[in-house]
Amino acid sequence: AGFRYILVHAFGGSVLMAGILWHLGETGSLLFNHFEGGIASYLILFGFALNAAIPPLNGWLTDSYPEGTVAGSVFLSAFTTKVAVYALARGFAGLELLMWAGAIMAVYGVVFAFLANDGRRLLSYHIISQVGYMVCGVGIGTQMAINGAIAHAFAHILYKGLLFMGIGAVLYATGRSKLTELGGLSRSMWLTLIFFMVGAFSISGVPLFSGFVSKTMTIHAAEIAHLGAVVLLLELASIGTFLSIALKLPYFTWFSTDRSLKPKPVPLGMYVGMGLTSAICIAIGVYPALLYNLLPFEVNYQPYTAFHVIQTMQLLIFTGLAFWLLMRKLHVEATITLDTDWFYRRPSQLAYNVFSVWVCRLFGAVESLALRLVWFIVKLSANPPGYLVEMIRSTRYVFFHVERPAPEPATFSPDRYRISLGVMVLVVLLCLIVLLAWDVFI
């Protein structure tokens, strides 16, 4: 997973660099401003889209994040994709393609989160979903939408880090992260459950938690822009988020069938980290001005209106009621979910053979041929007359069908044809006489 992560980002970085150099060649400037179009802009957009894990460029995220260390996954979930969101907001705000990509992305991540069995993979798919809100806000492009995207990115860093810390504490204590292997931890890890639920309520947009004051801003911006289809997709993603993270994941981890697990104690440092992050999530949810004062544009949005609160609570309450009614029939299965990475994993072996194995074999054959040629030239230069005689003989045998004599018992020795020392001295003297005569008479 780590190697594939490197390859994907090396490819994305190469495309991004190609776009930057192309832009430099066209404009003569490296200023990072709003891009208007052209090949350079599309190359740069592709590089940032891959880093933001916009489908179908998302396979690297759900492949690598669940395999990291407990602390490593926290940092990866917090920063990697949000840098891309910031870059998209700087260079591509108002691009309609991003609006639709973000809305579809929000639902896409939720659907695959339902299918996930591993807790950290489930959270990884929800990174894709939540980044979809941000990308959608960037695509809408209004001041409120940009504020919503940036606010949600800030809130996401906090609550997603908290969620990964919570499930990471479970992994540390039990050595397991698959939902089919967990259950019955509500008594032994109740404090971790409390902190995890703070993150779950935040990502679900429950009032009084950080996600509510950021996510609803993006949805309201879509409503003002009369984008009914976008609003519907974002609301569906909100319902799916609450269902999978605030209900499904805690239920199968802490409350489902008791697996008789004996978790080891969680270090105090983990509790301190989760506690501080939980406090910040609640503080932002209760007092949104802490976050709104940091946004790039003036905020003219009030999240705690009766309409927003009632609408949100209706969605959450009825979703929770449906889960409670169907809870006894719910179960998870140990399955492998195929994602968009399947499309480039399948031809990857052929690509590896073409661009690596076969190319290396070609280079090896050329190198071997060159070494043989060099060795032949070295041997030939050591005794040209001897090898010339042998070459003439071999040519006569091949082209004139002259009967080849019986092989000599001794191996071929070019010294048999080497010019004698006396003849060489005579040749040198003759050359010297010719040179002297040339100087005297000419």
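Including glycine, each Cβ sits where the backbone N, Cα and C put it.
Feature list (source: TrEMBL):
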type     : residues : note
DOMAIN   : 1-233    : domain 'NADH:quinone oxidoreductase/Mrp antiporter transmembrane'
TRANSMEM : 6-25     : transmembrane segment
TRANSMEM : 37-54    : transmembrane segment
TRANSMEM : 97-115   : transmembrane segment
TRANSMEM : 127-151  : transmembrane segment
TRANSMEM : 157-175  : transmembrane segment
TRANSMEM : 187-212  : transmembrane segment
TRANSMEM : 224-247  : transmembrane segment
TRANSMEM : 268-292  : transmembrane segment
TRANSMEM : 304-326  : transmembrane segment
TRANSMEM : 419-441  : transmembrane segment
Excluding the flanking five residues on each side, which residues at least 6 beyond the ends of the transmembrane segment (127-151) place their CB within less than 8 Å of a CB in that stretch?
52-55, 58, 61-62, 65, 77, 81-82, 85-86, 88-89, 92-110, 112-113, 160, 203, 213-215, 217-222, 224-225, 227, 230, 234, 237, 240-241, 291-292, 295-301
Range from 97-115, 268-292, 419-441 with most C-beta pairs under 8 A to the transmembrane segment (224-247):
97-115
Cβ-Cβ under 8 Å with the transmembrane segment (187-212): same-chain residues at least 6 beyond its ends:
126, 130, 152, 155-156, 158-160, 162-163, 165-167, 169-170, 173, 238, 241-242, 245-246, 249-250, 254, 261-263, 266, 271, 274-275, 277-278, 280-282, 284-286, 291, 303-304, 309, 312-313, 316
Counting only residues 6 or more past its boundaries, what in the same chain has a CB within less than 8 Å of a CB in the transmembrane segment (268-292)?
147, 151, 154-155, 158-159, 161-162, 165-166, 168-169, 172, 191-192, 194-196, 198-199, 202, 207-214, 299, 303-304
Cβ contacts under 8 Å made by the transmembrane segment (37-54) with residues that lie 6+ beyond its boundaries:
8-9, 11-13, 15-20, 22-23, 26, 60-61, 80-81, 83-85, 87-88, 91-92, 95, 101-102, 105, 127-128, 131, 135
